[in-house]
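**Student:** Take a look at the following structure, please.
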Amino acid sequence: MSLPLPPALSELARALPYSRTQWLPIFVGFLIGYPILIRALRYKRHGEMKKKFYFPTRESMAEMTDEEAFLIQKEMAQLEFPFMFLTSGQFALFRTYGIPTISHLLTKTGQFSKPETSFKRYTDTAALIGEMVENSPTSQRAFISVARTRFLHSGYQASGKILDADLLYTLALFAVQPVRFIENFEWRTLSDLELCAIGTFWKSLGDALGISSEILPSGKTGFKDGIQWLEEVDVWSQDYEAKYMVPDPKNRESADQATAMLISNRYEAPTPGWSMVFSTLLAIRKLILRYLSPPRPAALAVSNIAQKPDKDDRYHRMSWDALPFYIRPTFWNRWGPMAWISWLMGHPVPGDLGQKKGPQGDPGNDEGIKDLKDGEMSLPLVWSKYHATTND
């Protein structure tokens, strides 16, 4: 005795040039075959990455270059796990507010603790990091973003207001948070190749920024590969949090403007009910991506910063969170889904606030380039044209 089909499927079956007994196996085959196909396609790209960047053994990964690490991480961030890479980076920034020495400095500067400056400062920070991770380490744009970041930190380092350990902790979060988020919430775990790329990239970026890793166990003798650095900085950052991430009024003062939801910032923990709801949603998302959602094509790679300048030779961000800093007021940006969400939440859309938060932004300057090697001052001031502020 066969089971009756639902009415909608019965109508569809009658409309097809097959009998019911012929159509049902096709439908069942599709239900079984489609998830298998999607899973195969998703893992196929991962296999292609391993062939393109061929490091057959753990020992061979010690030869991974900065450029190779950048390209591997870029594919992860823009094609494989774009949502978790972005979200983990935001949480990494928020998590630093749980360290009193960091939150005290931020509130003293007023950049993160006041509504009128917090979103601007957050956007500038995101833009600097975006320039470093979305452009090749040998590119002019990455070069100048590193130089500007070093300049912004230099005064505070010289005065002792920024601790070397706090800088390493911040660097560590941007390296390990994506790993933690992907391992817990994404449709697959990371391979040793990808872990090595993340460790190699951020260790190299830390060196370029003048952030020492000597405090780590292998810091003075040298790291075998990016994986070893990543593992050691992960353990060290957790120990650092256990020792220094304590409740402090300044933690919350900084986090209030960035909506950080950490217990160390003196916010209440979410109820078990809400935790269960979001855990369930994330588990469902994982299954949908693995078995139902085709892999993201290269044409739809997620990038938060324009790869080419506009007619005025300026670069713009491609998306925004609350206030549309450095967003071009195009028709799509003013009337697309993101604009409607912003409008419903009572936030401005691109173009509403004129030049203050519009396409031109701050003029910027070439400070931060002066401490680099002779002969490199002639580089185009790409980052200056991106208009990040230099006033901390």
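Backbone N, Cα and C atoms are what each Cβ position is placed from, and that goes for glycine too.
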**Student:** Looking at 22-41, 162-181, which one is transmembrane segment according to Swiss-Prot?
**Tutor:** 22-41
**Student:** Express the predicted model's confidence over the topological domain 'Cytoplasmic' (42-392) as a mean pLDDT, rounded to an integer.
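**Tutor:** Averaged over the topological domain 'Cytoplasmic' (42-392), per-residue pLDDT gives 82.
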